[in-house]
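Following: one structure in structure tokens, then a few remarks.
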Amino acid sequence: MTKDKEPIVKSFHFVCLMIIIVGTRIQFSDGNEFAVDKSKRGLIHVPKDLPLKTKVLDMSQNYIAELQVSDMSFLSELTVLRLSHNRIQLLDLSVFKFNQDLEYLDLSHNQLQKISCHPIVSFRHLDLSFNDFKALPICKEFGNLSQLNFLGLSAMKLQKLDLLPIAHLHLSYILLDLRNYYIKENETESLQILNAKTLHLVFHPTSLFAIQVNISVNTLGCLQLTNIKLNDDNCQVFIKFLSELTRGSTLLNFTLNHIETTWKCLVRVFQFLWPKPVEYLNIYNLTIIESIREEDFTYSKTTLKALTIEHITNQVFLFSQTALYTVFSEMNIMMLTISDTPFIHMLCPHAPSTFKFLNFTQNVFTDSIFEKCSTLVKLETLILQKNGLKDLFKVGLMTKDMPSLEILDVSWNSLESGRHKENCTWVESIVVLNLSSNMLTDSVFRCLPPRIKVLDLHSNKIKSVPKQVVKLEALQELNVAFNSLTDLPGCGSFSSLSVLIIDHNSVSHPSADFFQSCQKMRSIKAGDNPFQCTCELREFVKNIDQVSSEVLEGWPDSYKCDYPESYRGSPLKDFHMSELSCNITLLIVTIGATMLVLAVTVTSLCIYLDLPWYLRMVCQWTQTRRRARNIPLEELQRNLQFHAFISYSEHDSAWVKSELVPYLEKEDIQICLHERNFVPGKSIVENIINCIEKSYKSIFVLSPNFVQSEWCHYELYFAHHNLFHEGSNNLILILLEPIPQNSIPNKYHKLKALMTQRTYLQWPKEKSKRGLFWANIRAAFNMKLTLVTENNDVKS
């Protein structure tokens, strides 16, 4: 957000300080400089183990009492040395003869009484202030310090030519400590400080001002006096002291710091300075004593542009409010700052005022401030931070008669909105409004200046931007950080919005169309929000990827997931969710298509692998298993009617009937054949199962013809799953003709498994080998078996 205009008084004061800093602070371009901090270590002498490459050495606030050449000689690259707040009494500058690069030396706040001179050429900053020198410690060698910017001195007495050795130097800052200055009654001393841009005089903090010294300075731009204690009796002494210092036409900035005075004397000081060339008057830490009465003040033509008073302590409890406030309200200057004071009010000027800038930060002003005040016609900036304002409606009314007001800062108050049903009234000239750190809610958007360009609402109680708000078409910058907003405000009511600050809110699902509605956005700060990394956030993250990193401040470090737990702490840039998981329609279509493809695939596989056939086999096998469980084993054996069931292809029937059956029946082996033992009227499958159940063994005549016969395979399937004697060897395989493995269809995997796992008898082509073949057949039936005939007759 655009910063509020600062008072010119502060700006000029800042310039003066910058002159000091630039002139005295040593900055190095070498990134490898070596800085050593030995402050507050209780040292009584300089350590000997300091690194040789040390450039910056801080040994302030110790107990060092003396310096020797050996303490510094090995630090040839030393540039900055801080020795303030020690106990050094004697300074011999020759201890620095090996430190040719030394530019910054601070020996303030020691016990120095004497200085021994030695040629030195490199100092830019030399501070000998707040010591016990009787006279100003000036060496003639100081005249060679052509680059000297800052010089701090102490003295108990002054002589006019004390500073003659440095008269030709152009110093940026001279600090003169006169706390221990010996005051001679009825005698005025003189001191000529020829060339200095800033002069800072420090007096005794508790003694009444009584110094009678004529100090004249050429080219003086800034004057600062510290520790001034005045009453009505010595007020004229102080004004006389000022008359010499303010004689030159170059003095623009005058500062009084830590001043205790009566109200009468303060008004006299104001009156003295009013016609002077001073443009910026600053008073810090002002204490008003004794009484406050109405004083005459002539507001003559003045060059004073700005008066700044910060931190007032009023020790007068009963006084005329009008007497106090009138002096300030009627001043004919452009800028007035009175901050951190117990002021409860400020009067409206009687006549049209010249004020362009008013800053009343940290006072006790209420909603009645400047009520119906029509004389602040030139006022452009009004700052009322940290006061007692409570009603935003009344603040708006206050501005109604300020036609030039552009910047209004009422932050850090207790402002509330929505108390009044009437529409808020604002002067239309306001373009910058700071309402931060108040108690404002959503209703504040119905009580805003119509032409506002910069609006600061951070740290309030705003939860949303209402849709029905006055269109702020000129609004360019909006700060709503540290509120409770749950979404990014669109630009429907803010068509010119280009800067949005909305960090530290409760934004979890920002609108995906935000960037589309805010085409002019050049900076957005929306980090540190509890983003919920769900489907709703996908489009927003996608849109962020299309935005320049210069537009999105803090990206990606400040943008992290808060929910779900698995994503907590993860950067938004790493958050990705597929389109399928977030699009319900697409998900349903995808699942439906997948199920359809799966169904088609399964159906095709079923057809290709003859799954219906397997299902029929499983059904028959299940029925067989059920019957087998319900019949005891002894009963099953009593129900056997045949020694063997023969399964063969019709193409192999000639061999079966001419070779196999005759031989087996010759050996009294009862055979079950389908053409003579299948019961008419029953299904083929039922006959097969019935025949297998009533046979002790099943003989399968294998050949390529067998493979091609589906019924043969049924018979093999049921025989393999016969549960009458689980674990028994009730299958006999006879290989009539060789069968290539690749000729067996995949659906006959049972046959493949049997041929690889079980031993089979192969019909030999040679007659000489057939005896062994028949012997193996006989061995398979070499047991006594009780058979039951169809008439239930028992036969062994």
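Any Cβ shown, glycine's included, is placed from N, Cα and C.
Between CYS373 and the candidates CYS348, CYS424, Swiss-Prot annotates a single disulfide bond, the one to CYS348. Recorded disulfide link (Swiss-Prot): CYS235 to CYS265, out of the candidates CYS222, CYS265. Here the C-alpha separation of CYS373 (disulfide bond) and CYS235 (disulfide bond) works out to 36 Å. Here CYS348 (disulfide bond) is positioned 24 angstrom away from CYS265 (disulfide bond), judged by their C-alpha atoms. Annotated pair CYS117 (disulfide bond) and CYS348 (disulfide bond), C-alpha to C-alpha distance, rounded: 61 Å. Within its own chain, the repeat 'LRR 12' (331-354) is flanked in space by residues 7-10, 299, 301-302, 304-312, 314, 321-322, 324-325, 360-366, 368-370, 372-379, which lie at least six positions past its ends and keep a Cβ under 8 Å from the stretch.
In space, CYS424 is the closest of the disulfide-bonded residues CYS139, CYS235, CYS424, CYS447 to CYS348 (disulfide bond), judged by Cα positions.
Residue counts for the repeat 'LRR 12' (331-354) under DSSP, helix first, then strand, then coil, are 0 helix, 5 strand, 19 coil. Neighbour density at the Cβ, taken as the number of other Cβ atoms within 10 Å, is lowest among the disulfide-bonded residues CYS235, CYS265 for CYS235. Cβ neighbour count for CYS117 (disulfide bond) (all protein chains, 10 Å cutoff from its Cβ): 16.
There are 17 other Cβ atoms within 10 Å of the Cβ belonging to CYS139 (disulfide bond).
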